[in-house]
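For Asp82, the entry in TrEMBL reads active site, proton donor. TrEMBL lists His83, His181, His209 with the feature Zn(2+) 1 binding site. Here TrEMBL flags Asp104, Glu134 as Zn(2+) 2 binding site. Annotated dihydroxyacetone phosphate binding site per TrEMBL: Gly182, Gly210, Gly211, Ser212, Asn231, Phe232, Tyr233, Thr234, in sequence order.
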Amino acid sequence: MPMISLAAGLAHAREHQYALGAFNVLDSHFLRALFAAAKRERSPFIINIAEVHFKYVSLESLVEAVKFEAARSDIPVVLNLDHGLHFESVVRALRLGFSSVMFDGSALEYEENIRQTREVVKMCHAVGVSVEAELGAVGGDEGGALYGHADEACFTDPALAREFVDRTGIDTLAVAIGNAHGKYKGEPKLDFARLDAIRQQTGLPLVLHGGSGISDEDFRRAISLGIHKINFYTGMSQAALGAIEQRMADRQPLYDEFAQLLLSVEEAIADTVAGQMRIFGSAGQC
């Protein structure tokens, strides 16, 4: 089926009280694993391609593969630019047919974040593409160190969130409430009172980045307080690495050993993603 906009996907998730998983892809093996999991679980989902990963992929080829898989599937899917930092990346995504853009101006001064985000919204909405933005700063370094840390001084301010939404016209907001990219050192402590305040102030479906390592209970509570998109990548990556390590430990002198290793990677990613779809409540929604 044709790809859907993020706004349409979030509207359904909000109405039925679940979260769409947003899973980053690096190549066709990640992509096939996602569609396999979604078909198994009958779950809509989001394909993330992050700007930080552009250096690892042939973006045009990967997008064509996404379109091919989406066209022959009956699962609703969003193609999202993840953490777009530059206008050039946003324009490139629009030209390639992305149905959603996450513009990340969180490292900018507040007024500059508003100015740049507003320009992205104008450009994207003109062609029917949804926009996610970030206010505050999600911990960790996407594309950097494995372990992330959340700094309370950078958490999203609920009052500023309302103003930010009003002045930019975004469709959804990524919040910083104790979540972090990468793996957590210890148990993450999410500020649910802050999340509830942001929900009440903005009235928008909200986004939780840094989903790998958050407990099932915390996911469900976050969804009940307005989170309807959850980004998840590190858990997939770790599952893939675990599959590789297991295959290497059990090596057999086979002609197609490498091909079988790649198949094991796909299966590990698919199993991990399917589990998250059940936790997020998106399984059985299509």
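Quick reminder: no glycine exception, Cβ is built from N, Cα and C everywhere.
TrEMBL: automatically predicted annotations, no manual curation.
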Minimum Cα separation from Phe232 (dihydroxyacetone phosphate binding site), reported as the residue among recorded positions Asp82, His83, Asp104, Glu134, His209 that achieves it: His209
Subset of recorded positions (Asp82, His83, Gly211, Asn231, Tyr233) lying within 10 A of Glu134 (Zn(2+) 2 binding site), CA to CA, in sequence order: His83
Three-state secondary structure, His83 (Zn(2+) 1 binding site) (per DSSP): strand
Whole-number Å value for how far Asp104 (Zn(2+) 2 binding site) lies from His83 (Zn(2+) 1 binding site) (Cα to Cα): 5
Secondary-structure category, per DSSP, in which Gly210 (dihydroxyacetone phosphate binding site) falls: coil
Ser212, Asn231, Thr234 as binding-site residues, winner by CB count within 10 A: Asn231
DSSP three-state assignment for Asp104 (Zn(2+) 2 binding site): coil
Listed recorded positions among Asp82, His209, Gly211, Ser212, Thr234 whose Cα sits within 10 Å of Asp104 (Zn(2+) 2 binding site): Asp82
